[in-house]
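Colleague: Have a look at this one.
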């Protein structure tokens, strides 16, 4: 006996679509134009696209069930199937961008979801030309393949990526946020199974064994209800998680205030030492100078001269101290200007085009010492220099970004490349120097070179994480 009537299914698909549509709107209205420290916020627009397109898909199915436009039923079903596959592709892209991996793996994976979608779409339109079977059977087959080959891996990859981000946030002391991300990962894993594996029963593996009918026999409810519950849970958790935007904004403001206060204190101390203490010492020095010129103090001349020398040494020490206080060490924001200047200078003197993509937020969650930042600068400089002098490159791309764990600098050129195994120590001194610099600051240097060019990737782990409020 079917306990779910048409009206109940209409309500089910309305809530199902509303849940994801709400999540999509919530994701897309976030201000992600500025750089963020969190991978979730960097890739959130793709989750928004998934939510909007998937919610729309469920509403199309609701319209079909309600028989509002029976004359367009086939067109609506075909539109829903294609839009459903597209929504899964957006989720696939979100999951891949959320994962943190090496530049080489990133280049391999970044186009994978779209490649799978385009192959599926080609089969979708070519299939009717070679198969004249039942129209409805063809539609179910197309829907099933989109769920198996796009929806299932998309949901699982997203779940894995969220879980890995949760572990990193736990290490940073963001306990509450980490638990929420783990919950979101679990819900996406459940949704991947419900929406990507459990399909209509057909004589194709694994649908002949794992299908909607089996789900209903076990749980007594349609799988659509399970998907709706999972979608609602995902949306509720997601809305609570985006509090991280406000947390990050508040933290940036607090850190900027701290930096400004420290800068004001340094200037105040410098002015006080220069305008008060040094002037008083100069006055004492002048008095001692006049005493040396006074014949009444001939018996004490040696002692006065010693006092004057000590006073001069004190003045020199204060000046040295003022120099150290007033001159900042290299901070991560200084790296941006130095790299921009480096690229600009190379661009003026050479015939090579250099593209710079600097994606480090103004305020970071981690910290790098001045020494490490200087070494990063010199390694990038050496990589650009090698590309121009030895690789005959005409285009160089420099990318600097961050993850939750490290700073990543990539220098990629279109030069003639080289064979690392055939290089002598003299020929490869620049590479040797870069490796030694990276090793000295606990970094990892990856070099990939072939006839199409060379890519050098430097990864420097944060020295520390500045723990945020435990509320998050």
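Heads up, the Cβ atoms here are built off N, Cα and C, so glycines get one too.
TrEMBL labels come from automatic prediction, so no person has curated them.
So TrEMBL lists these for the protein:
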| type | residues | note |
| --- | --- | --- |
| DOMAIN | 268-464 | domain 'Histidine kinase' |
| TRANSMEM | 6-29 | transmembrane segment |
| TRANSMEM | 49-69 | transmembrane segment |
| TRANSMEM | 75-96 | transmembrane segment |
| TRANSMEM | 108-127 | transmembrane segment |
| TRANSMEM | 147-163 | transmembrane segment |
| TRANSMEM | 184-205 | transmembrane segment |
| TRANSMEM | 225-245 | transmembrane segment |
Colleague: Against the transmembrane segment (184-205), which of these stretches has the most C-beta pairs under 8 Å: 6-29, 75-96, 108-127, 225-245?
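Modeller: Comparing 6-29, 75-96, 108-127, 225-245 against the transmembrane segment (184-205), the winner is 225-245.
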Colleague: What stretch in 6-29, 49-69, 108-127 has the biggest tally of Cβ pairs under 8 Å against the transmembrane segment (75-96)?
Modeller: 49-69
Colleague: Same chain, outside the transmembrane segment (49-69) by at least 6, Cβ under 8 Å from its Cβ: which residues?
Modeller: 6, 9-10, 13-14, 16-28, 76-77, 79-80, 83-84, 86-88, 90-91, 94, 235
Colleague: Does the transmembrane segment (108-127) reach the transmembrane segment (6-29) with at least 3 CB pairs under 8 A, where each pair is 6 or more residues apart?
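Modeller: Counting Cβ pairs under 8 Å, fewer than 3, so no.
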Colleague: Mind checking which residues reach the transmembrane segment (147-163)? Cβ under 8 Å, same chain, six or more beyond either end.
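Modeller: That would be 39-40, 84-85, 88-89, 91-92, 94-96, 98-99, 113, 116-117, 120, 181-182, 184-186, 188-189, 191-193, 195-197, 199.
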Colleague: As a test of reading the model: what is the averaged pLDDT for the domain 'Histidine kinase' (268-464)?
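Modeller: Result for the domain 'Histidine kinase' (268-464): average pLDDT 77.
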